[in-house]
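What Swiss-Prot annotates here:
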- 46, 47, 48, 82, 212, 231, 235: 3-dehydroquinate binding site (BINDING)
- 143: active site, proton donor/acceptor (ACT_SITE)
- 170: active site, schiff-base intermediate with substrate (ACT_SITE)
């Protein structure tokens, strides 16, 4: 399997990396979050820009990013506009979604960009090309907040992401039962054994918490923890998360 190196973080080896989301609505709130995150043992910061009140003004988005980057100069930043259809805060058209992501990827000020799988393929491929030209890694994602698809479907989506050029394919699904969590873990194990790229998977909500902890066993390269406000159901406090990941890593 290929390792994916972003600044001082290597995905695809050792314990799963910890990503903590920033969800501030204003520049002041984002600066406060970034300063707090300086004090936390994390690997990646995800800026959930769909929470940002001035997201439709690209100059203001870049200015806010500059403020975050000043406070967190060495921390990998994952730039994510989560669409409303996949659980995000704001509904926007496809044209704006791609303009926003391509513009910010072109600045060279982000390290990773989230690209949702279920979009027009030509748009997805163009955004991946723009990202890679600017040395930005692509986290290609899919989120199902209603259910856990069949194992074959989860495997198919992750495999498709890699085929399209994702550096880190990602899927998050909602369990209705413990069996659904096992389905996600089984699919993760199957894909990670044959994939060329590290993958990121999780089963959400309380039932799925085990999937956020067991990535090193089943083959998920990153997990999401909460420092202030969780951006998805089931996210664990980042300090508790690090403790458990370290404990499992020592036994592995």
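Cβ coordinates come from backbone N, Cα and C, glycine included.
Computed from a predicted structure; not experimentally measured.
Swiss-Prot feature annotations superimposed on the structure.
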{"residue": "47", "record": "3-dehydroquinate binding site", "contacts (Cβ under 8 Å, 6+ apart)": "21, 22, 30, 65, 68, 77, 78, 79, 80, 110"}
{"residue": "82", "record": "3-dehydroquinate binding site", "contacts (Cβ under 8 Å, 6+ apart)": "48, 50, 88, 89, 114, 116, 143"}
{"residue": "170", "record": "active site, schiff-base intermediate with substrate", "contacts (Cβ under 8 Å, 6+ apart)": "114, 139, 140, 141, 142, 161, 199, 200, 201, 222"}
{"residue": "212", "record": "3-dehydroquinate binding site", "contacts (Cβ under 8 Å, 6+ apart)": "202, 223, 224, 225, 234, 235, 236, 241"}
Residue 235 (3-dehydroquinate binding site) has its Cβ surrounded, within 10 angstroms, by a count of other Cβ atoms equal to 22
Around residue 143 (active site, proton donor/acceptor), how many other CB atoms lie within 10 A of its CB? 22
Cβ packing number for residue 46 (3-dehydroquinate binding site), 10 Å threshold: 22
Residue 212 (3-dehydroquinate binding site) - helix vs strand vs coil (DSSP): helix
